[in-house]
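Trainee: Dropping the structure in here first, questions after.
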């Protein structure tokens, strides 16, 4: 049987979703797929378009690649527009003259920005905001402008205003309606949003109908309004809504709605059953859906219908929650209370600038809609209540009133939600999906996110995910406590608060006052680490010695046979030839196995306890310091060679790496931490795989946080851009100390951040905006650590008393006679058990 | 067990809640002094899981009133008073009588 041919017109987000769903369908192989796009690139994430201004590239926004399509046999033609359909012959023709036959035709032509018919709207600096090319035009225009106006105060318009503000312009928003976001917000909500946006320096003009765009006096243009006033500006961005791109369908006689849009049925078929329309070009039930989620639903329905399934499109919820110019805004269901007989509950807080309104049914039992401005934390609770039609609690107002008595708001926690309730709307994860995953053993928020994907889209549901987890664990009888161990009924964070506020300087006093029993191998090193972070005393001090893991007791990394490895610090991976010669001589004299680490330094293996002091004496005499390779502490700051040598380098990455490594060396942390500095975006230092990564740009440093390699690799998140040296260091100081104070024991920065309610945005609020008012004290705490640094090995070799412990036997100068080695590739390694027993020794000799 | 006590070191060398290793004949013996009580314990220094002479360098812990040392290699716990492995009770390591006499730590071998 020959394959069916599918032609997809338009390769935007929805067109791509259709193709991706079809090729991954079990029946996908029965189809040949061809797609056309008039844009020069394949589908990209238009929802995140504004990220283009904060450093994301077209590649970052891409949703697919030519390779991906090639591998799946999808043909694609870019820069070519479909201009004709022959419904009888079932062929299409393009602008460039291509003719392509089809069995099924899918129109995913999207929409175009509506530009009001104002005289003068076609001048060079009058632009729209929809494609990457539009953004490039905006950037170019902004460079020659001082003032910018956005026409349209809806969701997209405010996003565009933010983009212009970030481009450094004086920004005005001109809206025809009497308020901002008239579709999603009621009058009070819209007016609070206006106040907040104006405080951020964006000027808002509502109720303004532009009649003409004339030449300006102070600026390039003058906008003349119907009420006789005017506004001068250098550029104008139209963002006054979208119109379905139905030109092709209209021209070839498919049924079109009165106000535009290609009419479709529940199966997404147009008036010609072999032609489908999906996304913003489609009109269902006389409605256009200008959001991506309903477009995706239509794509899935069309695939289902083409492959013989029975999915149907049944409309979509248009509730939204987003942050506009930093202001939280949420809108659910019937936000205007248009339902006859509906009742409203309103909470307004002038001091905190928060407005919330609930719209409930006449019988006070069902939630119909809600409006939130300034605080959308209730969104996650309210949306499932509306979508599932659950009964409201007796006093619905409790759902939006602030929590004052420590009880969860409204007595309507996640527990009351049915399993079908959607928790993560970005990735369509229900409460039932989460429960299943929890029962399968995922007992932390980070594990749940990794397993179900919940919370990895916009992140807005993270708090809800945590609530479902705690609620379910409680039901399963799993004790929900994060006590550090059986000897302290406190979490690491709580213990750290106790140590700081009551100034504990040793374990015994802390245990006596706040713990019980004798302590263990869990709490002792954890407390030792916290004491070191806080007071930074010598870790081998008598009262700290019994708390340390063996690596810290002997200032080396214990290997499988009980010997240690030796790693001197080479800040930034820089070492002189003389330094290398000293290391080579030591390794040769003590017959140490030598290997380079991933952190750009040299590791020498196989040193016995009694050899360590002499080895370190020689290293210290040659100017080396301990590398803290043994500690839960800063390991290395890796760097590329940077602008001093490299043709591409933007900044001196080596000097910055050395500065950072010397600043944070020796700092004890909840888990080991690593850093890297790259001199340009080629990223040779792999900074995005580190806890703290720094990448040079032509405007300064970009800071990335919370990446790691290891078992569960994670790319670091872009935290701040174009920083000068001083700000970069300030942010890193604050970041590390906040992590040190609040992370769990042995929790890496990535998991710590994923478990923070509010995630990356919260971290930005704390570190950049000083939301908690603790930045000063974080910096002071960091300064104390930096000021009290001393090389632990230097101090140790100067103390004969301490050195007594560096012996295998307390009563003999012999070494450990239990050790055995064989030679391999010119160096020694520990013998295997079989080799020790003299069995099957390979062609290598046991060495002394 | 014979009654021949072998002196290994001065008691002052022992730091409470840490261990040291002594050579007693051919045996490697880990000796621990417990903080608070000052009790002494002596067990084999060889971790049977890693076959390495390291137990004196482990951390001392307590669970339900029982004192143990956690191997510094892979954290298996050995009870100090009888050498039983708390993570695998089929495994027991050697223990040794230990005492302080005239300020000297002594092991019976």
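Positions of Cβ are set from backbone N, Cα and C atoms, glycine also.
Remember, predicted model here, so these are calculated numbers, not experimental data.
Pasting the feature list from TrEMBL:
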DOMAIN    A:5-302  domain 'FAD/NAD(P)-binding'
DOMAIN    A:319-382  domain 'NADH-rubredoxin oxidoreductase C-terminal'
DOMAIN    A:423-469  domain 'BFD-like [2Fe-2S]-binding'
DOMAIN    A:559-620  domain 'Nitrite/Sulfite reductase ferredoxin-like'
DOMAIN    A:631-756  domain 'Nitrite/sulphite reductase 4Fe-4S'
BINDING   A:640, A:646, A:680, A:684  [4Fe-4S] cluster binding site
BINDING   A:684  siroheme binding site
Trainee: Sequence gap of 6 or more, Cβ distance under 8 Å: name the residues on the same chain that satisfy this around residue A:646 ([4Fe-4S] cluster binding site), in order along the sequence.
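Mentor: A:640, A:679, A:680 - these are the non-local Cβ neighbours of residue A:646 ([4Fe-4S] cluster binding site), listed in sequence order.
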Trainee: Could you name the residues, excluding A:640, A:646, A:680, A:684, of the same chain that surround the [4Fe-4S] cluster site, i.e. Cβ within 8 Å of the Cβ centre of those residues, in sequence order?
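Mentor: Neighbours within 8 Å of the Cβ centroid, excluding A:640, A:646, A:680, A:684: A:641, A:642, A:648, A:649, A:653, A:678, A:679, A:682, A:683, A:685.
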Trainee: Select one residue from A:640, A:680, A:684: among these binding-site residues, choose the one with the most other Cβ atoms within 10 Å of its Cβ.
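Mentor: Compared across A:640, A:680, A:684, the most Cβ atoms within 10 Å surround A:640.
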Trainee: Please work out the mean pLDDT for the residues of the domain 'BFD-like [2Fe-2S]-binding' (A:423-469).
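Mentor: It averages 80.
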